[in-house]
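Swiss-Prot lists 52-70 with the feature compositional bias 'Low complexity'. Residues or ranges marked as phosphoserine by Swiss-Prot on the basis of a large-scale study or a structure entry: SER157, SER211. Positions annotated as region 'Disordered' by Swiss-Prot: 29-70.
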Amino acid sequence: MKFEDLLATNKQVQFAHAATQHYKSVKTPDFLEKDPHHKKFHNADGLNQQGSSTPSTATDANAASTASTHTNTTTFKRHIVAVDDISKMNYEMIKNSPGNVITNANQDEIDISTLKTRLYKDNLYAMNDNFLQAVNDQIVTLNAAEQDQETEDPDLSDDEKIDILTKIQENLLEEYQKLSQKERKWFILKELLLDANVELDLFSNRGRKASHPIAFGAVAIPTNVNANSLAFNRTKRRKINKNGLLENIL
């Protein structure tokens with residue numbers, strides 16, 4: 001179906017076509033109606049056309065008015081919009097999306113990523129500076145406190161100083177004994193574990209019976225054997241300590 005046939009029969013197409021023709025020939029955009037720059041050139045063109053030629057008949061007058069309208073709507077391709085009394089803007093830059101500037105989506109993502117990176121770095125640097133400043137303040141405070149303590153000379157007698165040093169020495173000796181016992185305990189446990197692994201590897205069955213079974217807790221062991229220092233080869237009798245309790249085998 002041709003467009004002419006459709007235009008002759010369809011009311012909706014007729015309405016759309018009439019509205020389009022009306023918009024192209026008559027309708028002037030609102031921003032051009034309010035623009036004094038457009039009005040100035042519009043009036044100047046009208047005066048020039050009236051001064052240059054005078055229509056002799058009604059047909060010539062209609063043709064002249066039609067040509068004037070066509071000239072006024074198509075001559076100014078760069079529409080200048082007045083922002084204020086001084087600044088003006090070319091509407092061609094924003095006519096595709098009024099109120100917004102057309103941008104590239106990828107460029108927006110790049111700009112947003114750059115902005116996020118810059119803000120992250122700025123915040124990171126600020127946190128680092130604040131932390132260093134706080135540490136510096138604490139060091140200054142501690143140094144000032146130490147200087148105050150050094151300036152204060154406590155009035156203690158020689159006997160009191162000797163008592164304090166004696167208590168410090170006793171505490172250090174007690175701590176040393178505890179650490180020595182703990183070290184000895186872990187050494188024995190390590191030797192115990194190593195010897196047990198060796199004996200299990202040597203006397204494992206592996207499909208046959210061992211001719212000499214393992215005698216855990218045996219007393220008759222040569223003195224030159226390392227097993228003498230191990231707990232499971234010692235006599236099972238446990239000693240009683242000074243408090244009346246059984247002593248740990250370790």
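Each Cβ is built from the backbone N, Cα and C atoms, and glycine gets one as well.
Under the DSSP three-state reduction, SER157 (phosphoserine) is assigned to coil, being neither helix nor strand. Proximity of SER157 (phosphoserine) to non-local residues of its own chain (separation of 6 or more, Cβ distance below 8 Å) is seen for none.
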